[in-house]
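Notes follow the structure.
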């Protein structure tokens, strides 16, 4: 090794020892001919000082991010000059020898200056990601990710799971998003697909008798670009044979508990569960944030005889903002704009004065009986504001769900270090295909119904006989785990019976021929004693970003894509030259090849 110690591990007890350090020049200061340098390596920073004239003279030429090797003696810092912000802050290294291992060009941005981190655009940070990663916060992210990998593996290994890699070049099998396709050079006109998940292969592993499988898997989805999505992402993928929902949930809770212990938080288990129906009814989301106690109150029945046309609708609901009546008029106007940005016409409201008098435009348009009873119905008191949404059930609840989150922010109800976990169970097995496409997903199949999770999710046992007769009523044997309003994992008990799988395909408008073409290898496997099985997949990027308190999943990925799906570092995706296009067969036209083959055959016959 070129060094004897790490910079961040030096302590005052080591005073008098001669050490050799390697790393980068984080800061350089010249105090009357004595040169001080903050030397950074993966462990942290140590102050090194150049007092001897010859070596100090050479140190004058050092600049930020020069890669250097120094040898010197560990000494206590002079009284009053200790730095409590550094683990090595009580010592310095008096350097006797300096070697410049490599110089650095002028930096595109300052690395160790905290004030510059917010000034550097993300595109620039990602273009020079190798410099951005030198920052301590980014080091923390990748070390935390490694620790999370290790913690999960320890739990799974203790339960006799086997880590197995599944293919990343496979055939295109629709799973709810578009595939990334890879041309097969040796078979022109044919394409591999990068997997959206290991779903089908892990089910085949259960048929193979592996019983307990896991993998930290790379997945790929060609989705429309969203602010906090990545075209390639990582999930912890788990599958088990001979289990029911409670078994998978118990294991998942053990994994999640181990992960949050990394940051010193003890999760109380069992984690509470709520049904999908209750999540939507009370929180307007299947990913409810339970760090604050604001619930949606249904008012449809309360306003069933109303003369107010806005409330003469399929659904009316409300949320209460404690103390919200004191907001100025411009703030209520801002609420209207906020709602319009979400596709609503506005956000109706009532204010309750300290004397109980109702104010706001809604109060003028409802009946005396409605005015007298509304506060009690929604649980509001003097000084509060009541916000309403009316219209179709889905969009109205979604608006109120967003409003409860906005209220929590305005009232500062969410504190640092708050964690709230829940399982959401009993989701619908199917949804209207139009709803799936409207939300940006790919609706698998050709009927008016498509799978909410995926086509291999089993109906709950009580719906096994009837799900194809009443698809809209059937519930899935599925479970999602939610943390602070983020879905961090989801899974289900799978279909293991070929006949049940065929019936699910029938509901989705996938005929026998198409099913065999796209999923035949799985359906064939089900003929050979497939065991009952189920599993779960955790969104690894999301979990690590939550654990570390990062704003974006891009912060916990070593080399992420930008929000537009572009890699500023390598400038991917890029074009390819004509020669490479020809070689890979990207432009292969089957009909043209067939015509040429026919002509060649005719020529030989003549």
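Here the Cβ of each residue, glycine as well, is placed from N, Cα and C on the backbone.
So that you can see what the record holds, here are the features copied from Swiss-Prot:
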SITE      31  site 'Important for tRNA non-discrimination'
SITE      80  site 'Important for tRNA non-discrimination'
BINDING   175, 221, 453, 494  L-aspartate binding site
REGION    199-202  region 'Aspartate'
BINDING   221, 222, 223, 230, 487, 539, 540, 541, 542  ATP binding site
REGION    564-606  region 'Disordered'
COMPBIAS  579-594  compositional bias 'Basic and acidic residues'
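Features per Swiss-Prot, on structure.
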| residue | record | contacts (Cβ under 8 Å, 6+ apart) |
| --- | --- | --- |
| 31 | site 'Important for tRNA non-discrimination' | none |
| 80 | site 'Important for tRNA non-discrimination' | none |
| 221 | L-aspartate binding site | 177, 178, 180, 196, 231, 233 |
| 453 | L-aspartate binding site | 427, 476, 478, 490, 492 |
| 487 | ATP binding site | 286, 287, 480, 481, 539, 542 |
| 494 | L-aspartate binding site | 203, 206, 456, 457, 458, 533, 534, 535 |
| 540 | ATP binding site | 145, 148, 216, 233, 234, 235, 236 |
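Using a 10 Å Cβ-Cβ cutoff, residue 542 (ATP binding site) registers 20 neighbours. Once the Cα atoms of 221, 222, 223, 230, 487, 539, 540, 541, 542, the listed binders of ATP, are compared pairwise, the greatest separation found is 20 Å. Mapped onto three states, the DSSP output places residue 223 (ATP binding site) in coil. According to its DSSP assignment, residue 542 (ATP binding site) is helical.
Broken down by DSSP into helix, strand and coil, the region 'Aspartate' (199-202) contains 4 helix, 0 strand, 0 coil.
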